[in-house]
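Chemist: First, the structure itself, so that you have it in front of you.
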There are 2 protein chains.
Amino acid sequence: MSLEEVLDEIRREVTPDPEERELVEGFARRILSEVRDRLKERDPDAEVELIGSVARDTWLPGASDVDVFCVFPKDRDLDEIVEVTLEVGREAIEALGGEAREEYAHHPYIGGEVEHRGRTFEVDVVPCYDTEPGEVITPVDRTPHHNRYVEEHLEDTVEARLLKAFVKAIDAYGAEVRVKGFSGYLCELLAIHYGSFEEVLREAVRTWRPGFVIDLEGFVGEVYEDYDEVRETFEDQDPALIVLDPVDPERNVAAALSRRQLTRFILAARAFLGDPSPEFFRGRKPEPVSGEKVRDWFERNPTHVVAIEVRLPDEVEDIYWPQLEKTARSLSRVLENEGFEVRRWHVMRDSEEEHGYVLLEFEHGKLPELEWRVGPSGWVREDRVRGFVRAHGRFWVEEDGKLATRAERKFVRPEDLLGRLEGADRQTLLSHGFGKDLARSSEGEVRLLSAEELAELADRDPELGKALAEFMRGDPLSELVRDRL
Amino acid sequence: MSLEEVLDEIRREVTPDPEERELVEGFARRILSEVRDRLKERDPDAEVELIGSVARDTWLPGASDVDVFCVFPKDRDLDEIVEVTLEVGREAIEALGGEAREEYAHHPYIGGEVEHRGRTFEVDVVPCYDTEPGEVITPVDRTPHHNRYVEEHLEDTVEARLLKAFVKAIDAYGAEVRVKGFSGYLCELLAIHYGSFEEVLREAVRTWRPGFVIDLEGFVGEVYEDYDEVRETFEDQDPALIVLDPVDPERNVAAALSRRQLTRFILAARAFLGDPSPEFFRGRKPEPVSGEKVRDWFERNPTHVVAIEVRLPDEVEDIYWPQLEKTARSLSRVLENEGFEVRRWHVMRDSEEEHGYVLLEFEHGKLPELEWRVGPSGWVREDRVRGFVRAHGRFWVEEDGKLATRAERKFVRPEDLLGRLEGADRQTLLSHGFGKDLARSSEGEVRLLSAEELAELADRDPELGKALAEFMRGDPLSELVRDRL
């Protein structure tokens, strides 16, 4: 198929038909008016705004997220606007037959599920202040400005829809920590900046690399002296891309994007441009692997894999996921300090968000009992030299002047070290680099799993089955791009 | 024993008694006059000088090296002075009943062994020019200036003798490449600079470290702006110490000293000052190990050792030894590139200088068949990405954006790779990092040795037995210092 044929087909697919449009927009109007009526009673100066992809007309068929913002004058207390919003949000959701619950991001807000003509909508009602773009009081105050910017500048909404569908299909949609991908707003800005989906892909392949700056509003030359100053400003984020927020030049819209997702996007873009196919929009989540396959894999696997089960804290994913990753990274470091070579780590969680899993792959299941331990040079502090010589007695002196010896290893198998975590207390977990909340929730609950236990998990929970499939078989993107590059 | 008691005892030991003094100095006078008589006939303007430790009165009992320099006016041709020296040197040696042979360092000279009252003297007769210190024509022209400097400045020759005996005993005496230690001239300068053997040790422990500058003649402030300029000047040598040559500020007398020997000297000095004993002057060459012990060691050894035999070229040690070391270093690098962890390498040679040996110690004798191969990031040159993806098909994307995959290893055992060297041609050896002459001489002659073959070598050649003892049991210094630090 030619690129135009594919794009035409997908444009039709990603554009809601009139019926669905009426369903979603109709629901949005209803919840908006339910909130507005109640809000005006409590605070006549406050306004209600529909936010997000439904408001911007960049939503994809099947959409179910509707975000309503209650926008208050700046002189109100934060406590006050939160209280009002929680109340009117709860009442509005319940008035439509939904169930409301209090949520928390930067400050509390109301979420709820509402059934409407056969579709379950996820509604959020969020308080914020009416501010100028440059003087936001809470982080969400920026959101209405984002909304307005996209509404004013996005000429062809279907191009943003194409891009969202593309990143969704390669599992790179969303700024949440588990994904570290492209947020909806980022997709919209890219569509605005490059003019079309196709141009986003072409320019990504041609120009994107870590530290590349995208400046829609010409801040460079105005707010920033030059591109180097932009890069210096965001240096600490070690950003994969820098997309200056049109409503706030000090913010990088792509701050959450990882280098991993940057590579994945560029690869997918290259492959798609090289050999266009609707397949790229079909979703690449791997099939969950069966327990049988897990058993099989472990039996044939020539390397050594250790699986650690932890208990997740009762926190949102954006809190516990980075802690799970940090734990995997810390354990790798601890193990490497003891001479083990960790090839890679992989983290996953079950679908109930009860347990997290760290998989560590090692070059060897067992190290020789003696290690080559390198100590200080002769000219460093006397006590260090004395300590090394007294401890080991026998030594060699290396070319660079360092003492070295063959010494008995503390841990011969990774399990010898990791076994200390089984049932360990909070302090021990913290000292091995567990995240704060994870160390608390996992106290006494850490277990090393056998291949058999992993196999059983794969059979019981398809989410784990999928994660294991990726661990064992590779990035689902591989299959899509390998014959197209 | 107190430090003074030990030093008194050793001072007596290192000072030749009158009888031996008469033997050595008598011989030196004889060879000197034999050379002088003949030289004056050939070139009346040339002078003869006795050089080296006998001339400087810093020789140790048992000394047998006598160096005679023929010093010519600057206007003579190099060919001419070489020709004259070879002739008069040969005649003088033969006149004393010795056998002369032509040798080569910077230019040709005459060497020979001469029996004299029961001792075999090693005589060298070397041509050089009579120059000012700053305008030497050949490198050996500096030597007479060194001689004069030491004669003029060394107040207490026994302190230089102590230092030489000390470094000799710890196997750190000599600037040759196999030792990379302290030359006789360096020992003499240190004794001059610090005033006594004891002060050399104290200051070494207190101040020496890589890049430390010793400036006997106050060149810093005159020739050099400051110490940093000195360090910058010699940066390329990556020197363990910088000892500015009093007769040539642009030369580092300690250029040959390695960090390994610096550490060994400091360790020995610390241990000796902490617990003085005559043992430090007794020589620490290890006892050769028996074949039985070698077999035993290899049987118990939990790591993996591979021994490679090469044929040495017909060159002096200073030529082939660095090539042997370079070969060991290159092979380690080649092996590490293929995923093997080389803990350490060790080189040795037999006493006939026919064969060299490279011992490599590995963490593991066998690697898993699959390796974790890391490739390019998505944003680098398209052909590299395409190459990686096409070659491997399946991949994962790492946190830093690099593609990675599990790929079959080319070599599972170090022998799989090193086996290619057995009987290999010159080109193959060169491409594995063999030194130039070593690649030529070893063409078709490289062999991997079994533990049994190594054991047999240990039984056959005590020199190899000693080297193996050091490889297996550690630096002989260990035993001396371990309870004294």
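Count begins at 1; order follows the chain as displayed.
Every residue, even glycine, has its Cβ placed from backbone N, Cα and C.
Annotations for this protein, taken from Swiss-Prot, read as follows:
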type	residues	note
BINDING	A:SER53, A:ARG56, A:HIS146, A:LYS164, A:TYR173	ATP binding site
BINDING	A:SER53, A:ARG56, A:HIS146, A:LYS164, A:TYR173	CTP binding site
BINDING	A:ASP65, A:ASP67, A:ASP124	Mg(2+) binding site
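Can you walk me through where each of these features ends up in the structure?
Modeler: For the recorded site, A:LYS164 (ATP binding site), the DSSP three-state label reads helix.
Sequence-distant contacts of A:ARG56 (ATP binding site), defined as residues of its own chain at least six apart whose C-beta falls under 8 angstroms from its C-beta, comprise A:ASN147, A:VAL150, A:GLU151, A:LEU154, A:THR157, A:ALA160, A:GLU188.
Secondary structure from DSSP puts A:ASP67 (Mg(2+) binding site) in a beta strand. Taking Cβ-Cβ distances under 8 Å and a sequence gap of 6 or more within the same chain, the neighbours of A:ASP67 (Mg(2+) binding site) are A:LEU50, A:ILE51, A:GLY52, A:VAL54, A:ALA55, A:VAL123, A:ASP124, A:VAL126.
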Chemist: Write down the Cα-Cα distance for A:ASP65 (Mg(2+) binding site) and A:LYS164 (ATP binding site), rounded and given in Å.
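Modeler: If we compare the Cα positions of A:LYS164 (ATP binding site) and A:ASP65 (Mg(2+) binding site), the gap is 15 Å.
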Chemist: Can you name the binding-site residues among A:SER53, A:HIS146, A:TYR173 whose CA is within 10 A of the CA of A:ASP65 (Mg(2+) binding site)?
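Modeler: A:SER53, listed in sequence order.
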Chemist: Over all pairs in A:SER53, A:ARG56, A:HIS146, A:LYS164, A:TYR173, the listed ATP binding residues, work out the largest Cα-Cα distance in Å.
Modeler: 18
Chemist: Going along the chain, which residues six or more apart from A:HIS146 (ATP binding site) have their CB under 8 A from its CB?
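Modeler: For A:HIS146 (ATP binding site), the qualifying residues are A:TYR185, A:ASP245, A:VAL247.
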Chemist: By Cβ count within 10 Å, point out the most packed of the binding-site residues listed: A:ASP65, A:ASP124.
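Modeler: Buried the deepest by this measure is A:ASP124.
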